[in-house]
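Encoded as structure tokens, the structure appears first; notes follow it.
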């Protein structure tokens, strides 16, 4: 036997390589690739495809977020369907210095500052509407009235309770002052701090309305006046003096000194009383005794008998338009803070205004009333109503001796002011403010394109830019010289205007098509109803004809006789008519008979 030399197992011959290559090509031709048999290769391909898919999803998510952030800076124009950039809010600059300072404050960034609603919520949580100040103010007069009938040994306990109440009031005032300081530290309310200082510097004129509606609890004789008027009535002053003597005899010297020192204590909100009740409070004597009942009754009679005139009201800051010009905001809200808000209808200014000028008709709005106030004819119409004529029997008494000396001077000033102009309502300001408001109202009616064209000083109106034909528009543009911003704005206005006109025409055509389709549908409904009526009428006619035919059939059949003269039975025979009009009697179970009628 011949020994064949085999190649080493690690080496492959050229024939083997060719055979493997042929078999590989055959597998490829049959659609079988290497991945079918190689599991690791299939795993790699699967991982690669998975990574590509995740990367694609990540890119899509990023693109969606970018589109969302991009469209958040634009707003959709409902007329043209375009996305327009959102214009930032512009602060309107007015002529008054107060508004300039307020606009400067408004430009301060507010990331760390509190908002106005948060401040009001903090104020409401800290101090509720029914606070302890009112309850203490109600409790103190009751103790003061009951102290007349207490024994001397109880005066010390009463004095201690009053001192505790005063300490509570002082602590509440300190807390209120701290809260107001925190509110004034907010950038939004910086303008209110300066205005509050200006109001604190000016001396307030005593207002009869404030005196009649509000009493300070620290002044002892206010509550005693009302109680004495109710109980004593029209008794003489000697009874009151006797009452005071008996009261002073009850108390010991120590208690009386403590009580008089308590009444004449200068720390019990004397600024508040001196500011608002200086015309009605008698100056305390050097001895520190209580005011006499004669002075009290005299001041009360002067208060009740005195009449309120328009010139007296004009001296008050709330009714004088000159004082109202100094402040930009209306100090009218219940919380003491107001930012460019109109006065409420429940405020005292409106009540006095309605009593002096008369209530406006119910059909008028606020804007119409402002236009009437600014019109020159309104002064002549409202002039006679501003100063009501007094009857000859009326007696005008001055509120105080100092005011009594200056009464003729104030009357002449009041007449001069009524001849010149009627004071405007407390909430509204004079003619310059209304003019600015009127111009801002006119600017509010302008469109966005008109405002931009006005800002860039474009000499053509927006309607002309949009509606002119192409040749006329090019000729108009060639006559003027424009910069890049003006040209871009004019082209943008014309493009969007044409798009708007095209959209309007498209909507018009759609509406016309809808109306035409509605008309066609209405015609079809009418025709359908007409056909239904005709069908019903035809059915009724057919039913009538069938009934008449059956009646005629029975009549003819009853007239037929056989050879014996007997009538034919309807169950055995029937009548049939041919096309030529002949009628035959045909038996039902047999062939047609030859008898002819």
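Cβ coordinates come from backbone N, Cα and C, glycine included.
Range 79-82 is the one annotated as motif 'ETGE motif', of 79-82, 83-86, 87-90, 91-94 (source: Swiss-Prot). Looking at the stretches 491-510, 531-550, the one that Swiss-Prot records under the feature region 'Basic motif' is 491-510. Taking Swiss-Prot as the reference, the stretch among 514-521, 522-529, 554-561 described by the feature region 'Leucine-zipper' is residues 514-521. Residue ranges 283-317, 563-597 are listed, and Swiss-Prot annotates 563-597 among them as region 'Disordered'. Rounded to a whole number, the C-alpha distance linking residue 588 (N6-acetyllysine) with residue 40 (phosphoserine) is 94 angstrom.
For the motif 'ETGE motif' (79-82), same-chain residues at least 6 beyond its ends with a Cβ under 8 Å from one of its own Cβ atoms are 496, 499-500, 503-504.
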